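S.K.: Before anything else, here's the structure in question.
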Amino acid sequence: MSKPLKKISLTKLLHQNKNKWSFIKLRQFYQSLEKILKETCSYAELCTNNGHWLDYTGTEMNSSCFSCSSVKPDCVCELTFSFSQLFEGPVFFYYGLSNYYQNYRQYGVSKDANQLSGDTTYFLSPQDTCSPYQYDSSGKPIVPCGSIANSKFNDTFKLYLMVNGVKTLVPFDGKGIAWWTDYNVKYRNPATVNGSLAKAFDGTVKPPNWPKPAYELDPSDAANNGFVNQDFLVWMRRAALPNFRKLYGRITGGDYSQGLPAGNYTLQINYNYPVVNFKGTKKVIFSNVSWMGGKNEFLGLAYLVIGCLCVVMAIVMLIVYAKYKFSDDDDMQ
Amino acid sequence: MLRRRINLLFGGDEKRVDSRTIYVGHRPCPATEAFIPPKFCDNRIVSSKYTIWNFLPKNLFEQFRRIANFYFLIIFLVQVIVDTPTSPVTSGLPLFFVITVTAIKQGYEDWLRHKADYEVNKYPVIVLEDGRSIRKESEKIKVGDIVEVVEDETFPCDLILLQSTRDDDTCFVTTASLDGESNHKTHYTVPDTEKDLQSLNATIECEQPQPDLYKFVGRMHIYKTDQEPAVRSLGPENLLLKGATLKNTKKIYGVAVYTGMETKMALNYQGKSQKRSAVEKSINAFLLVYLCILISKAVVCTTLKYVWQSQDGQDEPWYNEKTQKEKDTYVYLKMFTDFLSFMVLFNFIIPVSMYVTVEMQKFLGSFFITWDKDFFDPEIQEGALVNTSDLNEELGQVEYVFTDKTGTLTQNNMEYIECCIDGFQYRNSDSMSELDGFCVTDGPVSKLQQKAGRDKEELFLRALCLCHTVQVKEAGPDEIDSDQVDGLVSELSQPDEQRGFIASSPDEVALVKGAMKHGFTFLGLENKSMKIRNRENNVELYDLLHVLNFDPVRRRMSVIVRSKSGETLLFCKGADSSIFPRVRQEEVDRIRMHVERNATEGYRTLCVAYKQLSPEEFAVADAGLRDARLALQDREEKLMAVYNQVETSMSLIGATAVEDRLQEEAAETMEALQGAGMKVWVLTGDKMETAKSTCYACRLFQRGTELLELTVRTLEDGGRKREERLHELLLDYHKKAVQDAPPVKAGVTRSWSTANQEYGFIVDGATLSLVMNPSPDTNSSRYKSLFLQICQNCTAVLCCRMAPLQKAQIVKMVKNSKGSPITLSIGDGANDVSMILEAHVGIGIKGKEGRQAVRNSDYAIPKLKHLKKLLLAHGHLYYVRIAHLVQYFFYKNLCFILPQFLYQFFCGYSQQPLYDAAYLTMYNICFTSMPILAFSLLEQHIAIEYLLDNATLYREIAKNAMLKWGPFLYWTVLGIFQGLLFFFGVKYLFSNPALQDNGQVFGNWSYGTIVFTVLVFTVTLKLALDTRHWTWINHFVIWGSLAFYVFFSFFWGGIIWPFLKQQRLYFVFANMLSSVSAWLVIILLILLSLLPDILLMVFRKPRGPHARQLSEGSLLQTARSLPSPRCPTSI
């Protein structure tokens, strides 16, 4: 909505109508503020606010994921959207959850750092803080134990670009989405037994919510399997606020290194993760990242406002100073 | 009264339980029915508080009796017992730190005491037992033992002196370690004891131990075979106190009367009652507010938690199932534990470290007073002394100054000016060339060139030479310097007579010297006979029969001597008011004029009278005095009665005038104090005229000041009953000074140089007692409040003819008056001790009248002029410092905890801490403690010179101005503003938590770390903004603290700590710094939160009271320093 306005150069506007310019500017400012303060977006289309995002919770009847929101696992739904111009890359793909309290205290302590650093002595006797996901009903220890691991986000996404009516897969790069230190230092897989990671997990069971055990998270890549699975690591770093986003993958491969070209896209969602019963929402976010980090309108606005404030104050003070100085001169005479 | 008389007559010695009987040398006495060895405590001194075994429990118990420590202990225990968000370490560690430091300090102090005790208790002493000298440890001395002490040793317990190696049965001691007086004091043996102590058979009856060093009453019964037991009175002059040192005497023997903890020294050891400052009351009030904030925060969170959880799906989302235990817990119990958890989470808002910092600030701050070079007095080679560090800031809050006159406003360096004999004035010329210059050079100043008869002259001079208690200093070569410190006034200028005089009061020395100028020289006291050399250079001898000591109630002293010719003479000297009623009226009329004129000139006048005693009269007086001295009870009163009997119907022979010069800069100091809004009251025992002239000289009264007089003289003017007149005068003055006076605005606006009529108030002791203790029949309870109101509206109040207790009474009255103003007493003598102890702040002057005032004071300064700097500079600065310290502490903890509180709204009220435990713990201990401590020690928001030049600045902080609710509100609002800013600033930043350039996402610990970083920097930089006086220490601690924070964060997050369960801060800080957005928001938030302060600083400067007065002050100064020619041209 505001895009065409932006295109008109400011100087032109200034020449045209001073009053109008300030009015428009104010309105623009107000809209940006509103966007920052309200994180919801009523559009079924892509919303633009700290990146382009798309709600797929499926609470609305006309949403294609509506059926999935109440149906049990392995429900697949598709969302379509389009970019009217090239979305400059590198593009980052996030999933976002709202009203999800990952910063809940009891939730936050519900893990065993020793297990996760690969210490097998803690596999058979997980920490008490993991309760109620410490042992399963048959008394077998759960590895990785605790609420955080158990509630790992398990929706999966596939993005297709419609080229001439043909779906072409846009690949996500899931490497390097977790902190380097988490991947390389903090989280360690247990030593393999006879070359098998699965054997190291002997005598333990998978968290009840997981479809498969930890050692099968990514059987294709040993460096992304078990506790050092990047998706797992991303999930384990708890979000600060109840509305958060987490990195799912990067779109950097081959043709898409410049970004996502204009066109129609289809997002295929493997809908597993229930959020409706705690009034949460799920969304996906396409965002590009600058040297400053992710797109953040608050920071820009704040600096703009404070900068203006400072300029105004500087002028006021200059006037005050000048007045005082002159009056001083009067006194001197 | 009647009973006293009866007691006096019958020698009144009914046995009372409060006396003890001591058997000298443990020998049973024939007279007593049965020898029961009485039980007394042994001579072990235990000044230590703890033993190895009870140190830990006792010390801990005492420390946890402090309400703050107890509070933190409770918080710690809650954390241990209940499942709380932060580990017990976070509050346990600071508490442990505080407790340990205090325990170590107290343990060390106690160890020193143990060591000192051990040294004293194991000190070898020689005890005479069965004719042999036995070496014993000091602690084994029992009451009744005969102890031998040699020169330069200290006495191991309180002894009655039995025998001395000196010929005149005296010995000399110094009591420097007891009361600081380093002059030699003479003590006497019990008269007529046998030389052979082995055969001495005696008992001593004396009062039970009591702490007064200068009081002792006892009686010694000496039993000789075949004789009636002889009775000797014992007084303080026979008692050698433990702790005093034997001087100038080879060896003495004494019998132990009080031992161990019952000695006067030990009884005096119990510390003075603690004075608490007004600032502490403010702190407690603020603490209460913060406690309310804390509790309401916890209540709000608990309530909201359950409201929130009652919503559908919020209580137990599938991803966060409760444990079985949680499900089973009773809901109200859960609520309670939740409440406790919130308390624990927010408890950091009440800073444990504030108490430590305040204590340290006070302790270290007092050194700056001790070190101040301006307080160093080259004359006595000493600086200021701080006895209590608790009251530093109180020095900045003084509203009433009560000052002694003699020795405080004046130098107490007496100089003989003139005398008046029989109505003729003799002024001593300054030329000292003619030795016998009395007749030749001294012309009477009065127009009549007449002189009194030679007989009268000589009688008067003899009286001056005899009527005193001056001792002639034996000029030992090594003792001259040491004794100059105290008591000794000066050496004589004549080289052949290297002698000085030692006296309890400098007037006496001045008089003896005055007599010397007129040709009569006092040579000394030998074997109870006084030697004087008269004008013909003949030595005259007088037997000293009795000394009727000086005391402030009688205000006179007398001696009874017998001349060689056998005449018994009584010489009496004293204040005119106490002498005039006791002499013939026609003599008074001749001298009164001189006395009054001298008094108005500011001299101290004494009248001299004499009386010839007939043998009968003497016998009566002698018997009365002896009886009274033997009395065990009410000895003072009995003596007084005898004195009053003897000192009657004397004849007045003359009067003396002695000048007491003003202290250096006394007037400037008083002017500065008044300028600073303090009311100065002079409380003196001196005459009204003398005191009034001193007040004028000190500019306490100015020419325009209207004096309101409420003295015996004005009361007796109307010829009516005193009470009526008093009533009338009080109402009259009240109307004048209180009702008609324009309403006085708060001290700040009132200037001392306004055109308002100023009032001075003069009251004397007798009238004061009428006011304070009105007769019950009159409805005069209003007098006191009327009197107080008048006094409060006068710029200066002079109370003359005051007894020491009345001084304290006045201080107490003002102290307890409306608004409980802060009072300060300053004095130098023993008579000021009561008011020094009574006032909020007591200041002693290291003057000539001994060290008692200094010992009982909170601060001691060498000279009066130092008071100005002590109050205007040190007091002002310490008040501002501690006020800032307190406000800052509350502020920094408020904006520390507020984000954590706000975070609860975004984490489901689950008590999730925002900051890591290490940050929670270290915030107050390491990251923000040193800068404020350095600030509170070194800050000079206004340069000391300005403070001294502009006394009015002191008014700005009067009445605890910086710790009122207004400033507190400002700091609180600032804290809330910054806390909100920190939290929401970072929250909006986290609307997109992907802050790194690789798109990775930050979690909750990053959030907390960013907030914490902003917090630490803001809080420290806020202090830097407030700092006006930068020293290298300020720079070091402020930038050092910030650097330490960064270093610590790197270190803490850089290593996998093996002892931690969760490595939650691992690389969080480093990752944060790698994000440009985080940098930007940190800088933005710091600037934004400091913006109000910066603005305030900028806008305040041209208008603020400080700046204006500063510039005015400097303008005035430059105007003063510049010669005036510019003025005409500019017009």
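For all residues, glycine too, the Cβ spot is worked out from N, Cα and C.
Remember, predicted model here, so these are calculated numbers, not experimental data.
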S.K.: If TrEMBL is the reference, give me the range from B:339-358, B:879-898 marked as transmembrane segment.
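M.R.: Per TrEMBL, the stretch marked transmembrane segment is B:339-358.
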S.K.: Could you check the binding-site residues B:Thr406, B:Asn831 and say which one's CB has the fewest neighbouring CB atoms inside 10 Å?
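M.R.: Result for the binding-site residues B:Thr406, B:Asn831: minimum number of other Cβ atoms within 10 Å at B:Asn831.
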S.K.: Do any residues of this chain, six or more beyond the ends of the transmembrane segment (B:968-990), have a C-beta under 8 angstroms from a C-beta of it, and if so which?
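M.R.: Beyond its ends, the transmembrane segment (B:968-990) has Cβ neighbours at 286, 289, 887-888, 890-899, 902-903, 906, 1002, 1007, 1010-1011, 1014-1015, 1018, 1077-1078, 1081, 1084-1085, 1088-1089, 1092-1093.
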S.K.: Mind checking which of B:Asp404, B:Phe550, B:Arg604, B:Gly685, B:Arg801 has the fewest other CB atoms within 10 A of its CB? They're the recorded positions.
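M.R.: Among the recorded positions B:Asp404, B:Phe550, B:Arg604, B:Gly685, B:Arg801, the sparsest Cβ neighbourhood within 10 Å belongs to B:Phe550.
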S.K.: Give the residue counts of the domain 'P-type ATPase N-terminal' (B:38-91) per reduced DSSP state, in the order helix, strand, coil.
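M.R.: Residue counts for the domain 'P-type ATPase N-terminal' (B:38-91) by secondary structure: 29 helix, 0 strand, 25 coil.
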S.K.: Kindly report the helix/strand/coil residue split of the domain 'P-type ATPase A' (B:125-264) according to DSSP, in that order.
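M.R.: Within the domain 'P-type ATPase A' (B:125-264) the tally stands at 17 helix, 67 strand, 56 coil.
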S.K.: Same-chain Cβ contacts of the transmembrane segment (B:1077-1099) under 8 Å, 6 or more residues past its ends?
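M.R.: Tertiary neighbours of the transmembrane segment (B:1077-1099) are 974, 977-978, 981-982, 985-986, 989, 995, 1002, 1006, 1010, 1013-1014, 1017-1018, 1021-1022, 1025-1026.
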S.K.: So if I exclude everything within five residues of the ends of the transmembrane segment (B:1036-1057), which remaining residues of that chain have a CB under 8 angstroms from its CBs? That is, six or more out.
M.R.: 916, 918, 922, 926-928, 930-931, 933-934, 1009, 1013, 1016-1017, 1020, 1023-1024, 1027, 1063, 1065-1070
S.K.: Report the mean pLDDT of the predicted model across the domain 'P-type ATPase C-terminal' (B:854-1101), rounded to a whole number.
M.R.: 91
S.K.: Provide, as an integer number of angstrom, the distance between the C-alpha atoms of B:Arg604 (ATP binding site) and B:Asp404 (active site, 4-aspartylphosphate intermediate).
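M.R.: For B:Arg604 (ATP binding site) versus B:Asp404 (active site, 4-aspartylphosphate intermediate), the Cα atoms are 15 Å apart.
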S.K.: So the record assigns B:Asp404, B:Lys405, B:Thr406, B:Glu508, B:Phe550, B:Lys573, B:Arg604, B:Thr684, B:Gly685, B:Asp686, B:Arg801, B:Lys807, B:Asn831, B:Asp832 to ATP. If I measure every Cα pair among those residues, what is the longest distance in angstrom, as a whole number?
M.R.: 24
S.K.: Which whole-number value in Å describes the distance between the Cα atoms of B:Asn831 (ATP binding site) and B:Asp404 (active site, 4-aspartylphosphate intermediate)?
M.R.: 9
